Amino acid sequence: MSSQQWLGDGTARRWRELHGESDWDGLLDPFDLDLRRTVIRYGEMAQATYDAFNHEKLSPHAGLSRFAARRFFERAQLPGHSAAYRVARFVYATSCVAVPEPLILRSASRARRCRESNWIGYVAVATDEGKAALGRRDIVVAWRGTVQSLEWIKDMDFVMVPPKGLLRDKASDAMVHRGWLSMYTSRDSESSHNKDSARDQVLSEVAKLVSMYQDEELSITVTGHSLGAALATLNAFDIVENGYNRAPRAAAAAAGCPVTAFVFASPRVGGHGFKRRFDGARGLGLRLLRVRNARDVVPRYPPAPPYHGVGTELAIDTGESPYLRRPGNELVWHNLECYLHGVAGARGGEAGRFKLAVERDVALANKSYGALRDEHAVPAGWWIPSNRGMVRGADGRWTLMDREEDEDSAE
């Protein structure tokens, strides 16, 4: 599949509009077709972090990516992305404060590679082919969330702290969730993966790519789901607040390239002071589109007040889909593939009814759970590694081999 076929006709010409230059005014209702495709495209880049994540606790590679950076999108079965983007770096996170177990997966193997760190996402950049199709050189940061039980969001404490290091001045009253900030900024000098924080890993790679392509038209796009959406919100703000969207040779007063976050099922990130500071960064090129499923509980946490949402909301309701079981359950309502199914069909028919306006295989909704009606004859949770990573050797013995050897080549 070529990049142009995958994107649709309007993306290159309208990319600034689709990335929120006018805050998506007039594009959400009725739901613009090119915007649907754009939201789905970045959602698939977030979904790839789930599809690649090794959550087999018995594996020494639990918590890492099963896919190598060089073949990442190909292995994630995203041929359009494979032509349009290359992964420049994998990103790892840890936390210096206690967080619920689903947020940091710990291997039970004595030979485990990661003890207190997990692979949390990647930085990618448009290829030359992708640049031609997209209309600019796009830098993407994709953050992984959690696919475990949703009890973690209810079990967390909701303490807010100042976002130290993220703000240029110390007088701000901005406050953010302690757990999200810790995942974003924590480092561990004893770790093989987190001597630098997730924040430092991402910002150094973004700075490198902005410098490398500073003579071209650039955009920075950040995406994530659930926990990944919270990290994406902090990251997008951080990039703009601290000028990482500006080329090194740019004049002091020069505008940086646009930074847009497309986030899904996002918990709230901070209080009113953070919202005010986030809104104030619009003038520096920051935009955020927050996709929320009507029945999903995660966007309702942490409670408001004192927490406040940021950005522009895109509301969907997967309960209106004729393809999905009714009423469903919390896991299905929160599932990213079901979100993308909802984006493909929300308000796509007459009188705002659900109808797939984008041809997207409904089988994807059953990738992790049994969301589809039985009449579609798609097994529940069908996305699993072949033989769960077990490989038969020449000696007839079966061995767990669930990691491509050049995984760390993008670090």
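Placement of Cβ uses the backbone N, Cα and C atoms for every residue, glycine included.
Annotation source Swiss-Prot lists active site, charge relay system at S226, D296, H334. What Swiss-Prot lists as active site, acyl-ester intermediate is S226.
The secondary structure of H334 (active site, charge relay system), as reduced to three states from DSSP, is helical.
Long-range Cβ contacts of H334 (active site, charge relay system) within its own chain (separation 6+, distance under 8 Å): L150, S226, A265, N293, D296, V297, V298.
The Cβ neighbour count for D296 (active site, charge relay system), using a 10 Å radius over every protein chain in view, is 24. Counting every protein chain shown, 31 other Cβ atoms lie within 10 Å of the Cβ of S226 (active site, charge relay system).
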